[in-house]
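What follows is a set of notes on a single structure, which appears directly below.
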Amino acid sequence: MSKVGSSLYSRLHGIFKESSIATAKSAKPRSQTKSTKFPSKLKASTASVGDGGQSSNDAKDSKNSKLTQKVEKFKRSCESESFRQVHGLYSAFIRRLREAKKFSTIDEVLQYQKKFDDIKSEDFVIRIMLLYGYSGMAEHAHKLFDEMPELNCERTVKSFNALLSAYVNSKKLDEAMKTFKELPEKLGITPDLVTYNTMIKALCRKGSMDDILSIFEELEKNGFEPDLISFNTLLEEFYRRELFVEGDRIWDLMKSKNLSPNIRSYNSRVRGLTRNKKFTDALNLIDVMKTEGISPDVHTYNALITAYRVDNNLEEVMKCYNEMKEKGLTPDTVTYCMLIPLLCKKGDLDRAVEVSEEAIKHKLLSRPNMYKPVVERLMGAGKIDEATQLVKNGKLQSYFRYLPDLSAGKKKTTSSPVSSSAKTTSTPVSSSPDTSSFLLSLSLAADSSSSDSDSSSPDSSSSVSSSPDSSSSVSSSPDSYSSFSSSPDSSSSVSSSLFSSSRENSSSPDYSNSVSSSLDYSGSVSSSSDYSSSVFPSANSSSSSSGLLDD
């Protein structure tokens with residue numbers, strides 16, 4: 001790779017060169033907190049109550065029938081032009097299908113969109129491509145990209161960038177690089193800064209410093225200047241690898257370019273410090289952030305909560321949680337997925353129930369490890385009514401997404417170990433078969449077990465994070481549950497721009513928000529972002545898709 005006279009390139013080259021040994025040492029996989037898998041007991045439970053295997057088959061047939069009804073209802077809703085403009089409705093529906101691994105159904109729903117004139121709009125096609133990408137179906141996105149001329153839809157650098165993002169979010173990084181190298185010249189497309197930012201993110205995930213340097217060299221050679229997103233992506237990677245010296249040099253380099261750090265920049269640094277248990281430094285940095293006029297957000301507090309949770313420090317976790325609420329911030333799914341199991345682990349069942357009810361009240365998108373420990377401990381303590389009420393409340397909000405094991409007469413064991421100081425004795429559940437069956441029937445039947453999922457998806461082999469942007473996904477962080485955390489800063493702001501429903505009654509389609517500008521993870525709109533911003537509603541989204549997703 002040839003050297004150029006660019007001061008930016010030279011300085012980056014020096015930073016990367018000095019960190020190459022450290023990078024190699026730190027590239028080993030981070031130890032992850034193993035998340036307990038809770039296999040669905042639906043079949044076993046129904047078999048014990050009903051007619052054996054026949055009951056299980058009937059339940060499966062019933063679930064498939066309900067899914068078919070929902071899909072048909074969604075298709076009918078798509079006939080409305082105003083419905084097609086509300087991005088969040090599509091995103092929420094596809095998210096549910098993806099979590100249930102219904103890949104063929106995802107393809108059916110997205111293919112159905114070709115019947116509308118909107119398909120001639122590049123922005124509308126981009127939305128579909130991104131939904132494919134976040135479902136781990138990048139090959140489908142590429143096929144749609146190839147079909148655009150036949151659909152009388154113009155192909156520009158915007159749809160090309162969406163294709164790259166589809167590969168990146170499907171974790172098919174080699175294919176993304178191949179597409180980046182081959183298609184622009186073949187199709188006469190000139191890459192822009194969004195293109196380069198997307199590839200910087202892909203290469204950071206891959207851990208290829210030499211290739212990142214090549215991208216920066218090409219970027220400058222073509223007359224572009226790295227923006228805040230370019231540097232934030234690098235900062236996230238260096239601090240994730242705990243390369244603080246090199247990360248701080250990137251920080252200084254960014255400021256020398258007259259780019260002021262934003263909330264995402266600070267959050268990357270805070271996460272790096274808390275992962276290394278440098279709590280005092282992290283708190284001091286937050287104070288500096290405040291003096292710069294930048295207020296901590298939910299993700300700042302989540303970084304602190306994550307670190308304190310690893311140390312089983314419930315007192316500090318609750319302090320952060322309460323301070324967050326005092327400042328008018330609404331805890332998100334990540335917050336509750338860390339807090340609720342920790343409360344159960346410490347034996348504080350009453351407060352765990354209280355916090356669970358609060359999460360349900362906020363209509364948060366839940367995860368299997370979020371409420372299950374509470375329900376199991378309530379059942380283990382013989383508090384059948386409270387367990388029933390908790391499940392019912394979640395069911396009414398359509399946000400319970402697990403099938404707890406509430407088999408009759410079975411001794412309950414906790415999903416997470418109880419500390420010796422707060423250990424409680426589990427007692428056999430004396431609920432009758434009818435009670436168990438009733439509680440199971442209250443649970444949302446969107447089971448993602450392999451027996452009910454599509455295994456034929458051509459792209460389903462790739463692991464897809466729950467949240468679209470996984471530049472700092474759980475796979476790289478030992479402090480997060482594998483079922484939820486991804487881009488730490490992408491959840492709170494997306495709905496305000498990409499998925500605003502204020503245009504629902506508009507007389508003409510407007511898809512510009514999905515492509516004309518992308519979100520930096522802090523929520524500030526940047527004209528030169530990448531397409532890594534979430535297509536899905538935020539974790540705090542209260543949209544229930546007008547009942548389309550209700551069971």
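Cβ atoms here come from the backbone N, Cα and C positions, even for glycine.
What Swiss-Prot records for 29-48 is compositional bias 'Polar residues'. Taken from Swiss-Prot, the feature compositional bias 'Basic and acidic residues' applies to 58-67. Here Swiss-Prot flags 415-435 as compositional bias 'Low complexity'. Look at Swiss-Prot and you will find 156-191 tagged as repeat 'PPR 2'. According to Swiss-Prot, the feature repeat 'PPR 3' maps to 192-226. Annotation source Swiss-Prot lists repeat 'PPR 4' at 227-261. What Swiss-Prot lists as repeat 'PPR 5' is 262-296. The feature repeat 'PPR 6' is assigned by Swiss-Prot to 297-331. Sequence annotations record features per position, and here Swiss-Prot assigns repeat 'PPR 7' to 332-366.
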DSSP-derived helix, strand and coil totals, residue by residue, for the repeat 'PPR 4' (227-261): 26 helix, 0 strand, 9 coil
Averaged pLDDT score, the repeat 'PPR 4' (227-261): 91
Residues in the repeat 'PPR 6' (297-331) grouped by DSSP into helix, strand and remaining coil: 26 helix, 0 strand, 9 coil
Three-state composition of the repeat 'PPR 3' (192-226), taking helix and strand from DSSP: 27 helix, 0 strand, 8 coil
For the repeat 'PPR 7' (332-366), the number of residues DSSP places in helix, strand and coil: 26 helix, 0 strand, 9 coil
Helix, strand and coil residues within the repeat 'PPR 2' (156-191) as assigned by DSSP: 28 helix, 0 strand, 8 coil
